[in-house]
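Features as listed in TrEMBL:
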- B:40-59: transmembrane segment (TRANSMEM)
- B:66-84: transmembrane segment (TRANSMEM)
- B:90-112: transmembrane segment (TRANSMEM)
- B:119-137: transmembrane segment (TRANSMEM)
- B:157-180: transmembrane segment (TRANSMEM)
- B:210-233: transmembrane segment (TRANSMEM)
- B:245-278: transmembrane segment (TRANSMEM)
- B:290-308: transmembrane segment (TRANSMEM)
Amino acid sequence: MSLYEPHADMTDTGTSRSIPDRLTSPLRRNLLGWESLLLIVGIAIFILNSFASPYFLSAWSLSDATFNFTEKAMIAFAMALLIVAGEIDLSVASIIALASTAMGAAATAGAGTPVLVLIGLGTGLLCGAFNGALVTRLGLPSIVVTIGTMSLFRGISYIVLGDGAYRGYPATFQWFGQGYVFWVISFEFALFAVLAVIFGILLHKTNFGRAVYAVGNNPTAALFSGIRVQRVKMTLFLLTGLMSGVAAICLTARLGSTRPSIALGMELEVVTMVVLGGVSILGGAGSIPGVVIAAFVLGLVTFGLGLLNVPGIVMSIFTGALLIGVIALPRLIAKWRK
Amino acid sequence: MNIRNIPREAILGLVIVALCGVIAARFPAFVRPSNLLSVATDTAPLIMLALGQFAVILTRCIDLSVAANLALTGMICALLNMAMPGFPMVLMLALALIVGAFLGAVNGALVWKVGIPPIVVTLGTMTVFRGIIFLLSGGSWVNAHEMSDSFTQFPRIPFLGVELLAWIAVIAVTGVYLLVTRTPLGRAFYAVGGNPHAAVYTGIDVGKTQVLAFVLSGALAGMTGYLWVARYAVAYVEIANGFELDVVAACVIGGVAIAGGAGSVGGVVLGALFLGVIKNALPVVNISPFWQLAISGAAIIIAVALNARSNRPKGRIILKKAEHTHEPV
């Protein structure tokens, strides 16, 4: 995303990436970090919610609230890595539509649950491979490629389905979206938690994760230090496609039907979640814990407003303002301090 | 003659002509002048929005809020018309221009003064603008019978046999063409996108230039908002939902480099017309309109792939940039 650098990098001499004279202590760094700021916002929203509606503070309603963000967050984890590496995938919601359509067609033809899952994941991987090949082999900017595939993938769904819909998924399949593994812990939430840990380890504890940061910060330097830049990017596109496939399985199973308009506009919510989580849209910086907290914050906001009968479209004012506000605040504070 | 030396506008023009030719082979009615004129008029809103987006992309920014801006300004005009049916239409057009420019300035200010990346800013304002429409209208529609006749007829007023909407688009195209080719601001758009650091050294205020691009984009979107609502005689929250992607697509197909600094008004207009022809041709050739999305998606991918091929640097490159390496990965 280095294409969208604001002019600020030219006028400000002290950017966040300059090397400090003295390292701040880990405690201080964590207390003043993005994640803690976000956590405070989240807690404030939680408290506000519990005052705003008497129905909020119950285990089941909190469990319901998690469905607001689990599917988006699954994609957001992979998207976070992709954005850290300096690319973006705007086609994720359309991949969901295409994967869901493929599963619907298979289910109508009488396929069982394991086959449906394989088809969902496979479609996701294929779409990711298509995006990745266009970006890494042809050297095209990912934002344009994925704006194109965003229309293309959903377009194929429209060609197949028109204004129709697929229904009639097997009951065992619907468990992925409606089942509970333990008490109020839904399958989706459990999967979300497991994926959060996996992606956290992948980005923060492995060589691959370090390569992702390196590619995002300086692809040329990364290449000369022996990182296969294009392969890293290709892997990330595949991963994003795969996670979109996973989300497609969960969402389709939860809704129990497929329409071509499924998950419409979700790509923007996913990007919002990632950016709110402190991932730099310019690449090179960000963390999975931040994305996890952002997922909770966004989920709580939409659920809390939903309990107050605020229409979805008005909620979008809050999420939009939250996105701009949370990013603007630290920048404005830094400006005033100077 | 090397194919690379043919201007992209000419190639795109030929593609459009060929497309029309293929359609005409089976459905001659499609290329009747009256039908082509109506295709062009239908595409006028896309052209006007793409012109603004063109300026924004030139300066290395992107404006995803144009469709929401269009819808919000359109709703404001519709509500004003409901409250004051006698409000003169020329003033209404000016008002739409100002409201749109203001919304664009909000984007620009957030990019310039706060330093938030444009894609994040406009992603945010896109949803906020849509939300504001809901707050203003209470979620209800403004229908044709609630609008005055002069309001809905304004874009359809014929002049020399062509609707006013098309004339306004012609004026917008000419204006933006003169702006980017004949004025210091136009050169600044290119300079800022081509090399922001060098632009600073030549005395160009990068931030201010970007704000002006956003204001231009907003003003055109706002003006189109009134014309859109008046032409279709209905205003509601979801008007032109997703239209911002068509707008970006028109620019990309027209050869505007998403990295900024390159592109032409002619290309943008042809890019928009290409999408317009496809959209209008599908029902004519009996292809389900559900194909349109996939076709425009494929068109974007093919266009950007072709653009990238023709933009390959010529001559020997000693150190390839990492983004452009094609070593086995």
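Even glycines carry a Cβ here, placed using N, Cα and C.
Curation does not apply to TrEMBL; its annotations are automatic.
Stretch with the largest number of CB pairs closer than 8 A to the transmembrane segment (B:40-59), among B:66-84, B:90-112, B:157-180, B:290-308: B:157-180. When Cβ-Cβ distances below 8 Å are used as the criterion, the transmembrane segment (B:119-137) is approached by residues 62-65, 67-69, 71-72, 75-76, 79, 103, 106-107, 110-111, 235-238, 244 of the same chain, each at least six residues removed from its ends.
Most Cβ pairs within less than 8 Å of the transmembrane segment (B:66-84), among stretches B:90-112, B:210-233, B:245-278, belong to B:210-233.
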